[in-house]
Ligand code: SF4
Ligand code: SF4
């Protein structure tokens, strides 16, 4: 733990070296014995781990591949293309994300569904994860909430660069998120059977209208709670 | 809590193992001595007991058991211990990724990995090197350490017929006693100083023969540092020589068992606390390890071994660890009472056969050695390295005068009171003064860990 040290020349006792060294050995021995005789708290809930005190070593090491620290809810992980309830991508190939992307690493080719006169879909949707700077602009820009970075995982390492070019087949995964005003739910589609459509409509969430709406956020991350906390703090400061 | 009891168990098992190991060493020494005797008797055709044959046989057994088993195994285990112990000091875990049946075994499998790495590394040799000296240097660095360990009295001497299975061998006093000590020379400590001063050749030649400016600088630094510290190293032990009136290490150990103040034994630590500190510091400087690791320095001159690769570097590296073991052995013999178990000594002596008492004693010696090795590694992780002028200042301005004063005080005290009681009182006074100085408040203590809990959060 860093703390301020007084800056002065050593006094006689300190320039004799040995007393201070013996003292240092004492400090080190305390750590040594504590860590030798007590084990690291291996509680899987990492934030609740105990350290120091009697019965626990001072060790806080995370044995990385086996134990992982949970990321903050706002963590920007690997992209995913959000599927609809019927498994097709929500993406309507509007090119918003590709346009805003500062690294220009999103490549989209639009196509039209043969059985649908209105809707487009990405025939190709490729993200070069090596060029991506993980800024999250694409997520912000998407009008359909079709691209998210809520997977909570890193881009996995690979031996070839080509394996870092993720196409729509690999990107399309994870749970679907449906909204009430999703055109597919409102209009229906020849590809969705009517009973399935009813079920999807019943499950759909209201479409987020404000940026702070929880449904628009990554799961578990509550902007409302943060705002309430900030408000409380401001009130406490005013008193 | 499981770990707590497990550790107690490990420590107890280690102590018991050391005693059994020492018993094995005694058996080996006794039986090989007797075997040599039988062999010489058969060759010369004159059956009987030959003093020299028994002594040589026991020495050969001791070379194998003490030098190859104790010294080599403990110095290679120290390379792992350095990682694990430093980790414990710094609240880390340390090397644990090689697992044998799901258990890291305290990092010991890393030994095999290290050896494999060292042996299979590419051999790079500079063309401008002085071939003979270059090849010779690692050996020269390693050999004196081995030779030094030869005079360490690990176990006391027992009669040949006290060893199990040799009861009818030879009458007590007919042959040399069997001791866990390779060579019992009259020169004792002088031999130690002589061989210790040879160590500088290994490093100096390694630096010089490499034909590399940085290596040369490392070698020069090593020689200047080691030659300076030899002065205080020698003077620091003069006090013990005066106090015990002998140069032989095994006699010093015996003398340390006699009571001096009531039941308190005349330990070297008690009679010579200043001598102990000076010897420890100077011998530490001789091992060239931090805080005295000026001969190497990754950020300035890589070191005297910069041109060495593979197992040649491994030898230079291992020599430092072997020096630690030898230093621990010398300190144990001269200052910590050697093979005297100290605790329950009278009870043990009465209730055990001489053979098992000697085995317990040798086990106690190795246990004390382990504590001293631990202390050396601890100091290495405690202190930042000195600057070169500070090293010389420490030697010539602090250690050398203190050692001289110590010699005169010891001599004067023994002149006034040959029984050594006055010296013991002076020693106790010194220890109290050092304890008070140590406990005296120095700089403002670190603030209490107020936000320590925040550091426990993930990622800190
Ligand atoms: S995170 Fe940023 S750089 Fe990466 S694809 Fe999205 S917009 Fe482009
Ligand atoms: S992911 Fe969103 S922004 Fe990008 S093309 Fe599809 S719908 Fe448009």
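Placed from the backbone N, Cα and C atoms, the Cβ positions cover glycine too.
Unlike curated entries, TrEMBL annotations are predicted automatically.
Pulled from TrEMBL:
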TRANSMEM  B:53-80  transmembrane segment
TRANSMEM  B:132-151  transmembrane segment
TRANSMEM  B:188-206  transmembrane segment
TRANSMEM  B:227-244  transmembrane segment
TRANSMEM  B:264-285  transmembrane segment
TRANSMEM  B:313-335  transmembrane segment
TRANSMEM  B:355-377  transmembrane segment
TRANSMEM  B:398-416  transmembrane segment
TRANSMEM  B:422-441  transmembrane segment
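Of the candidate ranges B:132-151, B:227-244, B:264-285, B:313-335, B:398-416, B:264-285 has the most C-beta pairs within less than 8 angstroms of the transmembrane segment (B:422-441). Outside the transmembrane segment (B:132-151), and at least 6 residues removed from its termini, the chain residues within Cβ reach (under 8 Å) are 63, 66-67, 70-71, 125, 181-185, 188, 191-192, 195-196, 198-199, 201-203, 205-206, 208-210, 249, 307-308, 312-313, 315-316, 318-319, 322-323, 325-326, 329-330.
Same-chain neighbours of the transmembrane segment (B:313-335): 70-72, 74-76, 78-79, 82, 115, 118, 137-139, 141-142, 145-146, 148-149, 152-154, 192, 199, 202-203, 206, 237, 240, 249, 252-253, 267-269, 272, 275-276, 279-280, 283-284, 286-289, 304-305, 365, 368-370, 372-373, 376-377, counting only residues six or more beyond its ends whose CB sits under 8 Å from a CB of the stretch.
Between the transmembrane segment (B:53-80) and the listed ranges B:188-206, B:227-244, B:355-377, the one holding the most Cβ pairs under 8 Å is B:355-377. Long-range neighbours of the transmembrane segment (B:188-206) within the same chain, counting only residues 6 or more positions beyond its ends whose Cβ lies under 8 Å from a Cβ of the stretch, are 133-134, 136-142, 144-145, 147-148, 151, 215, 218-220, 222-223, 226-227, 230, 233-234, 237, 241, 246-249, 251-252, 286, 288, 295, 304-305, 308, 316, 319, 323, 330. Packing against the transmembrane segment (B:227-244) from elsewhere in the chain are residues 189, 193, 196-197, 200, 251-252, 255-256, 266, 268, 271-272, 274-275, 278-279, 281-283, 285-286, 334-335, 391-392, 395-396, 399-400, 403-404, 406-407, 410-411, 414, 420, 423: each is 6 or more residues past its ends and has a CB under 8 Å from a CB in it.
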